[in-house]
Structures are given as C-alpha cells and as structure tokens.
Amino acid sequence: MSTKQVSTLTKKQQEIWEVIRKWYQTHGYTPTLDEIGKVVGTSSRSTVHQHIQALIKQGYLLVSAGKRAYEIPVDDMERNSQMSLGLPLQGQIAAGKPIEAISDRNDISPNELFTGNGRYALKVRGDSMIDIGVMDGDYVVIQSVEEAHNGDIVVALVEREESTLKRIFYHSNGEVELRPENTELEPQIYPAESVQVQGRMVGLFRTYIYG
C-alpha cells in the first residue's frame with residue numbers, strides 16, 4: 001500500500017493497520033479485537049471495532065466471518081481487477097458470512113447499474129435466500145447504512161463477530177429477527193443490542209461461465 005494511501009488514515013487507524021499487517025505476517029492470521037487492544041494500549045473492544053470499521057470502509061480490510069469479523073485484502077493485482085467493476089468487491093457472503101475477496105470479469109459493467117457512494121458487492125455462498133432468487137454464486141450490491149426498516153434485506157453483524165445476509169424484522173419486545181428466505185431454514189432471534197446493521201441490499205447480478 002502506498003504512502004499516499006496510508007496518509008488518508010488517522011494516526012490511530014494507521015497504528016492499528018500496521019498492527020494487523022505485521023501480526024498477519026508473523027502468525028498467518030489476523031488478530032482479534034482484544035489482541036489488537038493489548039498492542040495499542042486500550043481495553044475497549046468498542047473503540048477497536050470502530051477503527052476496524054473505518055479501515056473496512058476505506059478498503060484496507062474486508063468483512064469476514066468468525067471472531068475477527070475482518071480480513072486483509074488480496075494482493076494489489078486482484079484488487080485492481082475488483083476496482084475495474086466500479087464497485088469494490090468486499091468479499092463473499094454465505095447468505096450468512098462474508099469470507100474472502102474475489103474478482104469478477106463480466107462483459108456488462110455493474111458500474112453502469114449500481115454506482116453510488118458507499119456501495120460495495122458481496123458474493124453469495126449458500127442457499128439461505130434462494131426463495132427470493134438470491135442464488136449461490138450471485139453478487140449482491142450493498143448500500144452502507146446503519147439503520148434499516150422492517151423487511152429490508154441487510155448485512156447484519158451479530159454480536160460483533162459474524163455477519164449475515166438476511167431479511168430483518170424488529171419486534172416490540174426488543175428482539176431482532178433475522179429471517180432467511182428459505183422455507184427449510186429457521187429465523188434467528190437476537191437481542192437488539194446484539195445486531196448491528198452494516199448495509200442494505202439494493203441490487204443483484206449474476207454471471208454465467210460456459211465451456
């Protein structure tokens with residue numbers, strides 16, 4: 001990453017980015033929020049999480065599954081291929097969990113269809129949303145938002161650990177329902193404070209490769 005790019009980060013964001021990068025080089029995996037906090041001298045997981053989200057929004061990190069909820073992007077060559085789409089491809093989502101960065105080569109540029117600030121793409125893996133036509137291997141276009149309405153299809157971060165693509169419903173008792181669009185799967189119910197909306201699905205596109 002160039003010096004010009006790094007200069008766009010705040011001092012603390014740059015410090016955390018360097019911790020993550022060096023940790024990955026040493027251990028082969030990214031540190032947890034607690035591990036980052038110990039290195040930078042803070043016990044607040046919330047503070048570290050805010051900086052991680054800022055790094056994700058700026059493209060330094062990708063949304064991912066598991067305890068770390070983020071990962072380091074693929075190499076610059078693949079990232080350049082991603083940017084040619086007009087949308088930053090920020091990972092794969094298992095109709096549930098974003099995993100790793102991907103690049104796509106498509107004759108029809110999504111830039112003509114889904115341009116807009118704060119938008120990115122996720123590749124779907126799995127079948128939890130198939131009843132509304134979101135298939136394994138599809139790309140969903142996500143608008144970054146922090147609030148959603150009942151019935152919106154959202155990327156939701158659950159308990160600050162795992163992200164999922166589901167339809168969201170807010171119940172009067174303070175619980176949040178994350179509902180799959182697959183009659184074979186059950187809805188997931190969480191306390192409202194355990195669910196953070198990260199984006200709303202605004203589009204979908206599909207590629208076919210023959211031969």
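Using N, Cα and C of the backbone, Cβ positions are placed for all residues, glycine too.
Per TrEMBL, the stretch carrying the note DNA-binding region among 12-32, 33-53, 159-179 is 33-53. According to DSSP, the secondary structure content of the domain 'LexA repressor DNA-binding' (7-67) in residues is 38 helix, 2 strand, 21 coil.
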